[in-house]
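Student: Checked TrEMBL, it gives:
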- B:26-48: transmembrane segment (TRANSMEM)
- B:75-283: domain 'ABC transmembrane type-1' (DOMAIN)
- B:79-99: transmembrane segment (TRANSMEM)
- B:111-135: transmembrane segment (TRANSMEM)
- B:155-178: transmembrane segment (TRANSMEM)
- B:215-237: transmembrane segment (TRANSMEM)
- B:265-287: transmembrane segment (TRANSMEM)
- B:308-337: transmembrane segment (TRANSMEM)
- B:368-562: domain 'ABC transmembrane type-1' (DOMAIN)
- B:372-394: transmembrane segment (TRANSMEM)
- B:406-428: transmembrane segment (TRANSMEM)
- B:440-462: transmembrane segment (TRANSMEM)
- B:490-511: transmembrane segment (TRANSMEM)
- B:543-565: transmembrane segment (TRANSMEM)
Amino acid sequence: MSDIRLDTLGKNFGSTRVLQDVSMSIEAGEFVAVLGPSGCGKTTLLRCLAGFERLTEGSIAIGGSTVSTPKRHTPPEDRGIGVVFQNYALWPHMTVAQNVSYGLKIAGIAKSDRDARVAKVLDTVELGPLANRRPADLSGGQRQRVALARCLAMESRVVLLDEPLANLDVHLRGTLEEEFARFHKRSGATMFYITHDQSEALALADRVAVMDKGRILQFAAPRQLYAEPANETVAGFIGEGTVTGVRNLCPMGGGRAQGELLGHIAPLRCAANQTALPRARITFHPGDLHMVPDQHGIEAHVIRATYRGAFLRTEVMAGPNADIPFTLNIPAPASLTQGQRISIALRDGWVLPEAA
Amino acid sequence: MSLASTNPKRPSGALRLPSALRGERGLLIALVLFVGALSILPLGRLAYAALFPKGDFDAGRIIDILGNRRILEATLNTIYISVAATLVATVVGTMAALLTTLSDMRARTLWIFGFVLPLMIPPQVTALAWIQAFSPASPVLGPLGLALAPGMRHPLYSMGGIIFLLGLYNAPLVFLSVRASLYRVPSSVVEAAQAQGARGFALTRDIILPLARGGIFAGAALAFVSSIGNFGIQAMLGIPARVSTLITLIYQRLNSYGPSALNDMALLALLLAVLTVIGMTITAWLGRRGDSRVDTTRRPARRSLGRWRLPVEGAAWLYLAICLALPLSALLCTALVRGVGQPLTLDTVTFENFANALFHHEGIREAFGTSMMLTLGTVAVLIPVAVALGYVLSWRPGWIAKALNIASELAYALPGIIIGVAMILFFLRPLPFIGTALYGTIWVIFAAYLSNFLALALRPILGGYAQIERSLDDAAQLAGAGIFARLRDVVLPSLAPSVMAAAILVFITAVNEIQTSVLLVSSRAQTIGPMIIFLEEAGSATLAAAVGCLMVALVLTLMILSLIFGKRLPEGVLPWRD
């Protein structure tokens, strides 16, 4: 049993509100990512979950038993969770094997059992030959595997990961992301992954919680987060979303709708209960805008076109006063000059649910 | 209050405690008891005795005592001497810091070692050395024909002499503080000024000094606290010169009147404490908005002194020759002759004084033994306490941690003589449960040392904690390790170098300690620090010089040992290391 229930968490540091009304329900074995800019409270959320911080409000239950309320607090060592810290927190004066076996030693497991278990775990993460090395002699990827091996050895059913890839270079990240996915598959543990990198979150997690200013803005599967953001902040945060206004929004049933963007009808998606509105806010990604033959779309002029290999990232200004910025990707080869006038059309967009 | 409270923090003891007191809560309670019993309660007792001697507040008595002509004079002297000495120390220390951090002076490491060394020598030994250097029968200046004529007043037995020596003695404190802040000046802002054409003096005056201002005033605050509370120099020079200061007045009155003068002296001690705190506050206010940006990646480049290099180096080494070699060689010369004033020749040279000091003089031997025991005991208790307190301060902050830190800092910053008076007051009456008083035994000195030096042990250890990733401890906690297992298995191995440095600092300071011991020593318990003053007062100047030489040798040995074994220490933990 390793499901996690967060119920209306609140956390203050002095008079500063760091977490507010955070509720999440995570299934056993699920891989959840928490995504947000630095300072949004995501690390505090992890520390509350791990038991390093006490709650101001709300409660946390792991595997059905309540571990945190403002009054009751199970210490971290009694929660049966593993944490992979940002810098991996390997004890520099211990060897790889000692790092992995320390928790077993504290638990009073006999040396022979301990050694057998450590050897097995190190083999699983392919670190057997390095058992007697010290952390300083390991590469970044090997250190991460030691940190994971520590969680494996303790048979943690819940593993929290605190921006484990933040300090690594881009090449290593891809490899290590796979490592996490493999670890998740093999251990079946519930994973709770903190990051500020949306590509990491979208690639790894079953569900992603977007956090800002201590609140959870949306908690959904990556695909839904990208295609159907709950509000403007999420829309702007995920996949370079653009938010703009449309007129005469008219739902057409089956989650389809259409509206007028700068005088041109655009096909849109919307929530099932969306009502017709004279004005609404929609969001779309650069890939949803296309260049069309002149006079058939929204008039715009090019501010800047940047060569990005497969496409030209093009920033344009549209609207009667030429003051509404859009970004679109125009497939290469193409050549655009600054000031050039083009026509664009929106092929897809998402109607943001009215803020209650 | 039981004896055990001076030594409460044994893991083995904690394990037997009821569960509510186990683990981190138990640790915190033990720390509160330790600091409370040794710092907060005695200082509280002092304030109570000063203000409510018979149980109620009597403003008339306070005005009477403080308005007394001699006390007024001592107060004004104290203020004048500490402020003037602080100015001297600030100017000398800042110049030394600028020279060693920003110029391409050669043999810098050796020079810094020599410049900081006086700080580690007991002040009473420094004073004795300078007295010998300038005495009419000076063993160094005499042969050079520079000694004073007999009958002339000794120039150091004066207000100016006290200020001069205190200034030189405390210059290294300012040096260390300014150097630390010069290291933090980002190289880019210096380079930007150079790109604008600023160089040399203008660059130093307009860019570097303003950026180091915080460090300069922090150093000045330290120098002020150290000057106002420096018993060794104030007593060795001030008592013969009849320049009375609060600190010497308290010592003399307590010596002549004994415990009957305690309540009045408590008031003077409180006055001294208030002056110390006012001085610190004013300096902190002057240094406010001190720039504290941290840029450890690149330091400003050392600038070439050009054709000034040789003259500047010459002046720097001449300073060391005058301030270090002159007094210390005089001390050594005095220690090597039979009587003060005898010229040192092949015929007169004798090791009798050293032999006496080391083997024959029973008082010295016992005092040395007592000092060693006290010092080792202090180190043995304070280091674990400081490691635990450092843990709480670094990783479990809160108002309790803050209060403990302030109490220990206060006990360290306040002149030792205040702690001495507080300890007498606190331990004068028989203890409950035991029925005997600790006053007059070495236990009261031990308590004073523990109170006085906790902050000293704490600083390098806090520096060590700052270098450890907190997640190392978090990870061990997740692994199920309790607080004591974590301290032993995870914290201590990483902290070891800083712990060594803290132990050495506490050892050197405690072995040199004079101010609290001078009040607390009795026929039953003598320590080595005040011995020099007693020997000098008793007319055995050559024996005093020999003891002084031995103490310098001990300190020097420890400093060099620490350099050899301290290669892995974080920067700035050992003040004498470049």
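Don't overthink the numbers, they just go from 1 along the chain as shown.
For all residues, glycine too, the Cβ spot is worked out from N, Cα and C.
Caution: TrEMBL annotation is automatic and unverified by curators.
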Student: Of the stretches B:372-394, B:440-462, B:490-511, B:543-565, which racks up the most C-beta pairs under 8 Å with the transmembrane segment (B:406-428)?
Tutor: B:440-462
Student: Tally Cβ pairs under 8 Å between the transmembrane segment (B:26-48) and each listed stretch (B:440-462, B:490-511, B:543-565), then give the stretch with the top tally.
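Tutor: Looking only at B:440-462, B:490-511, B:543-565, the most contacts with the transmembrane segment (B:26-48) come from B:440-462.
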Student: Let me check one thing: do the transmembrane segment (B:372-394) and the transmembrane segment (B:308-337) come into contact, meaning three or more Cβ pairs under 8 Å with sequence separation of at least 6?
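Tutor: The answer is no, given that the two segments have fewer than 3 Cβ pairs within the 8 Å cut-off.
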Student: Going along the chain, which residues at least six beyond the ends of the transmembrane segment (B:543-565) come within the CB cut-off of under 8 Å?
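Tutor: For the transmembrane segment (B:543-565), the far contacts come to 113, 117, 120-122, 124-125, 128-129, 132, 328, 331-332, 334-335, 353-354, 356-358, 361, 364, 500-501, 504, 507-508, 511-512, 528, 531-532, 535-536, 574, 576-577.
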